[in-house]
Every structure is written in C-alpha cells, then in structure tokens.
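*Asks:* This is the structure I want to talk about, given as structure tokens.
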C-alpha cells in the first residue's frame, strides 16, 4: 500500500467525516441471519441426516443449503476485513483489539458454556434413546473439540485475523494512511469484472491447494482442526485480506457498490456449476469453482445492499443490532425445535418454515432481554458498543 495524506484524521470532528454507509452493517447482519435458513435447510435435507434428526426432508433444501454456503461466510469475512481496516485508520491498534476481544471472546466463552451443551443435548436426544443419548453426550463432551465449538468457529477465526491485522498496524506505523497502489486502485475501479476474475483465480488456487495440503499433511486433528479451526483460517484469510484492501481502494469501493449485468451472469453460471458439481468433482477442484461463485455473489450482494439499505431504517437497524445475539442463539433453538417437530404432524415444509420463524422470533426476544441487562449484554454481546464510525469513501 502507498501512503496518502487524504485520509481523515482520527481527531477530526464528526461533521467533517463522510456520511455513514449503513448498508455495510446491514449486509453483515443479513449474512449472519442467513444462518437460520441455512441450518434449517440442513436439518430438513431430503434423504440426508445432519447433526439433529428431523426424520423427514424437503425437496430442494440440499440445493438451498449449498447456495447459501457458497457466499455467506466469504462475504462475511470480506466485510469484517473492510471494517477492520476502516477502524484501524482511526483507532490505536491496541485499543481496537481490546474492544474486539471484549466484543467477541466473552460471548464465545459464554456460549460455549451455556448454549452449546443444550444444543448438543437436543442433537443427541433426537438421534438416540434417552440412556444412549446421555452416554453419547457425556462421551463427546469429554473428547470432541468440535462438539464444543459448533457454529461458534467463525469467532475463533475472526479473532485470529483481528490479532494479525492489529499486529500489522502496530508494526507498520503508516498503516492508518496507507492506500492501495494507484494502478491496483484503477484496475479494480475501471475493470472490476477482470479484477474479480483475477482475484477468484488466485484465491481459488489458494483454497484448492492450501486446504488440500492441510489434509495431506495430516493436520485435521482434534486440536488443530476441531478446536483451533486452522483449516477455516486458511480458507477465509484471503477474504478478510480482500476486505482490508477494498477499504483502502477509493475507486474500488465506488465500483463494487455499483450493479453489474456481467457480474450477475457470471454469478449465475458459477453458482449453478458449483451446486451441480459439488459431489461430482475432487474437493480441491470444487473449492476452486466455488470461489468464483462466492466472489461474484459477494459483489452482487454489496451492490444490492448499497442500493437498498444505504440509509437509516429503524426496523433494519434493530435487527442489525440484534444479529450477533440472534446468531449465538439460533442453532440451539433450531436443534430444539427440529427435535420437537418430530412429534408434530405437519408437512415437512410447513415445519421447516415454522422453525425458521420461531427461531428468529425467540432469538430476537432473547436479544430484547439481553440488551436491558448490563451483565447479560456483557456476557452475550460484549457489553456496550463504541460510537459508530463512518466508513471512509
């Protein structure tokens, strides 16, 4: 990155800063909330069984789950990188990192202790008779790292990335003023489709080869993979980095926010190809293919969000504020509701839609209670949030 003197000063008055781009927060929240239909779809896959047993399936839910999984976490980590670079341009690395640990690590520990054991119990009792479920729950709780991490893995990986970029900002003193080199900025801004294809190729090769090496070298152990989630860090590090670089690209940000017919066509082709070939090609080749789908879908989602949500909408802001707590609670709720659904005589699709609606409503209700208690807010949401910082254009 090059130095530039046009970055807003950290001490500049709020009035001098660009207006807040609300759509970034909204899109990040939407990606987290998509965990609800994604995990419900996994629970009701036709002819398949997931961690919780529904005993029935809905045609098309396999494809729905595959579609959501293509872009949800890649886009999330890209946005996380964008916010990290934005905030580190205005806050001291140590102060920012301390806030990240308070915001993420405390809810991580709380959820592992309070929510995950309940979720695991619903999974066991949905699959096994009571006595066997108890034995399996105790055995897995004492041996399996993944049994404790579950849907919270992204917090662990995000903390890795936060530590890495904070260390970079501490080491590189001009990080706050650093910008993308002019030639790269122009390439992204003026030839976005070409830039996306180039990035997809590079990142796709990385994910295909690096993850394959992870398994070849036997690193998929209980500690390295199930607890530390190093494989997930390998997969999503490029996405976090892309978000950081995007935030430091003036022309790139402006261009990514604009809708592109070419990207829509490429996204549709890549998504269909990825869904069709999921179980037909080698995993390394599939990771290469899905990278194209993920990157094209991410740009499309950013452009749509910039068009629809780049203004304060009270109802949307409420769900945006609640999205993290909703995510923490959603999977335990889904597992419990899917288990209970075994005893309800309704069509599977009706059950699945009911589980989605109830999960959203109950988890949102949990947030309403949590935000009213300083102790609960600290435990499940990292406490009070800092004042909003407007993204730099």
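Glycine too: its Cβ is placed from the backbone N, Cα and C atoms.
Among the features that TrEMBL reports, domain 'Acyltransferase 3' is placed at 22-366. Per TrEMBL, transmembrane segment is recorded for 27-47, 67-89, 101-122, 152-171, 192-215, 227-246, 258-276, 288-309, 321-343, 349-370.
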*Asks:* Give the one range among 27-47, 152-171, 227-246, 288-309, 349-370 whose Cβ atoms make the most pairs under 8 Å with those of the transmembrane segment (67-89).
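*Replies:* Answer, by Cβ pair count: 227-246.
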*Asks:* Pairs 6 or more apart in sequence, C-beta under 8 angstroms, 3 or more of them: is that satisfied by the transmembrane segment (27-47) and the transmembrane segment (288-309)?
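*Replies:* Yes, the stretches contact each other.
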*Asks:* Does the transmembrane segment (288-309) reach the transmembrane segment (227-246) with at least 3 CB pairs under 8 A, where each pair is 6 or more residues apart?
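*Replies:* Result for the transmembrane segment (288-309) with the transmembrane segment (227-246) is no.
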*Asks:* Is the count of Cβ pairs under 8 Å between the transmembrane segment (152-171) and the transmembrane segment (227-246), pairs 6 or more apart in sequence, 3 or more?
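*Replies:* As far as Cβ distances go (cut-off 8 Å, pairs 6 or more apart), the transmembrane segment (152-171) and the transmembrane segment (227-246) touch.
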*Asks:* At a C-beta cut-off of under 8 Å, are there same-chain residues at least 6 beyond the transmembrane segment (321-343) that contact it? List them, or none.
*Replies:* 28-29, 32-33, 35-36, 39-40, 43-44, 51-55, 107, 111, 115-116, 118-119, 122-123, 125-126, 150-152, 351, 354-355, 358-360, 362-364, 366-368, 370-371, 380-381
*Asks:* Report, as numbers and ranges, which residues of the same chain sit near the transmembrane segment (349-370): CB under 8 Å and 6 or more residues beyond its ends.
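*Replies:* Beyond its ends, the transmembrane segment (349-370) has Cβ neighbours at 33, 36-37, 40-41, 43-44, 54, 56, 58, 61, 319, 321-322, 325-326, 329-330, 333-334, 337-338, 341, 376-377, 380-381.
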*Asks:* Grab the same-chain neighbours of the transmembrane segment (227-246) for me: Cβ-Cβ under 8 Å, and only residues 6 or more beyond its ends, written as numbers and ranges.
*Replies:* 1, 73-75, 77-85, 145-146, 148-149, 153-154, 156-157, 160-161, 165, 180, 184, 188, 199, 202-203, 206-207, 210-211, 214, 219-220, 252-253, 256, 287
